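*Asks:* Annotations per TrEMBL:
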COMPBIAS  405-424  compositional bias 'Polar residues'
COMPBIAS  438-451  compositional bias 'Basic residues'
DOMAIN    41-187  domain 'VOC'
DOMAIN    226-370  domain 'VOC'
REGION    1-39  region 'Disordered'
REGION    193-224  region 'Disordered'
REGION    388-451  region 'Disordered'
Amino acid sequence: MLFSDRPNAREGASPGSAEAGVSSCGDGQEPRPPGVPGAQRVDHLAFTVSDLDAAIDFAVMALGGELVYRLPPLAHTDGWMRTHLDVHPRASAEIALVRLGPDTNLELFAYKSPDHTAAPRAPHDTGHVHLALHVTDVARAAAELTRRAGVSPLGPVLRVPDGQPDAGTHWVRLSSPFDAPLELRSVPDVLPYEAAGGTPRRRPPGPWRNRDDGTGSRHGLPGALGVDHFARTVADLDSAERFFVDVLGAEPLYRSEYGALPEDVAAALGVPPGGAMRRAVLGMGPTDTIELASYRGKSAGNPHPPRNSDVGGSHIALHVRDVDAAAAYLAAHGCTVLGRPETIGEGPLTGDRWVYTRAPCGLYVEVVRMPDGALPYERGTAARRKAAHGLSWTDRTDGTPPRFAQSTASNSSEPDTSSTQQRPRGQERHAGPETGRTRHTGCHHHPRTPC
């Protein structure tokens with residue numbers, strides 16, 4: 001969430017300092033839940049696309065989302081873009097946010113930059129991301145999506161075979177204006193790993209809707225319930241999973257593996273056949289799921305993740321109660337904080353406090369606190385972001401008992417009430433097969449191995 005004319009920067013402890021709220025486990029104390037202090041939920045997923053208009057149209061008219069806002073182009077004449085977004089100083093960005101079903105905010109970026117890479121990433125390249133929707137009938141939804149948007153399936157609808165932890169799942173991937181495949185998936189009521197006692201996978205509640213009052217869903221795909229997962233290709237699956245679990249507080253659900261990808265599966269994935277694929281599926285907060293995949297041998301791709309401004313760039317944002325404390329925690333756990341947290345002082349997102357961080361593996365993690373219900377954009381539209389409200393990271397919206405119930409309070413903090421001092425941001429131009437894994441508990445030390 002990045003737009004302002006005059007942001008505020010809170011004075012005080014810098015991210016990573018002892019005064020900034022980094023916590024640890026003490027003798028005789030209850031271990032706090034793993035993850036970012038005060039985290040509530042995944043606030044949004046963000047993709048960098050080549051054509052913002054086409055991506056918005058696809059998200060709204062083909063998938064059934066609702067455009068919440070589109071911001072004027074963001075550019076600076078100083079080094080602000082490099083410092084805060086890790087892009088070329090002369091880069092400019094257009095940004096839009098689409099509400100995509102009951103739980104998901106999708107942020108779309110389009111950059112113009114002197115060092116911009118326009119070629120999208122392949123699914124087996126490190127840093128590639130894709131989105132998956134949960135539907136009741138994959139073949140029917142795929143046919144309708146093809147009719148609406150003219151997109152093409154990468155392969156046939158496949159069923160995950162018996163012997164896998166998610167056996168019985170049907171799925172297909174299709175091309176999309178997101179410059180990455182869109183996956184459609186239907187999941188059995190009980191997966192084999194769940195029947196064996198594993199923590200249930202998060203499932204969208206359905207029906208498809210873009211507002212909390214149940215409205216704003218005219219164009220939903222038939223049988224669509226919500227976003228099923230967000231996926232990222234990683235170079236080192238074990239290190240990436242450790243980062244998500246030990247640092248971000250994700251919950252391991254299950255792993256799966258192909259020793260050699262058969263041709264039909266490889267075609268459906270959009271990757272070369274014959275190589276190995278390993279996958280880890282993790283729960284992220286109350287409502288979200290992330291799938292991490294790595295490819296080896298004949299199916300391996302580019303090992304270097306894209307830059308933020310490259311087509312195929314991405315970030316994940318967490319809504320937190322205290323941005324400064326969250327940034328300090330991430331800095332203490334090996335992330336680079338890009339600049340200092342800022343509060344937007346003018347424009348449609350006035351009051352938004354945010355900062356980007358970069359993990360050792362190249363993943364960008366934003367921490368953000370939005371004053372939903374008091375944002376200026378809300379005056380001109382009935383569309384709304386999905387807000388965190390009173391959620392905590394360990395809550396579950398599907399009735400599953402929360403993890404770490406006795407220590408949840410230690411993973412939250414009151415909103416930042418410290419005074420702010422107006423600080424100029426610079427001069428802008430505004431142009432027109434494994435089963436469930438063991439949970440990680442207790443103290444979590446600082447993993448610094450690149451993922």
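Backbone N, Cα and C atoms are what each Cβ position is placed from, and that goes for glycine too.
All annotation found in TrEMBL is predicted automatically rather than curated by experts.
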*Asks:* Tell me the residue counts in helix, strand and coil for the domain 'VOC' (41-187), as DSSP assigns them.
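*Replies:* Split by secondary structure, the domain 'VOC' (41-187) comes out as 29 helix, 57 strand, 61 coil.
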*Asks:* How does the domain 'VOC' (226-370) divide up by DSSP, counting helix, then strand, then coil residues?
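*Replies:* Secondary-structure composition of the domain 'VOC' (226-370): 31 helix, 57 strand, 57 coil.
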*Asks:* For the domain 'VOC' (41-187), report the average pLDDT of the model, please.
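*Replies:* Mean model confidence (pLDDT) across the domain 'VOC' (41-187) is 97.
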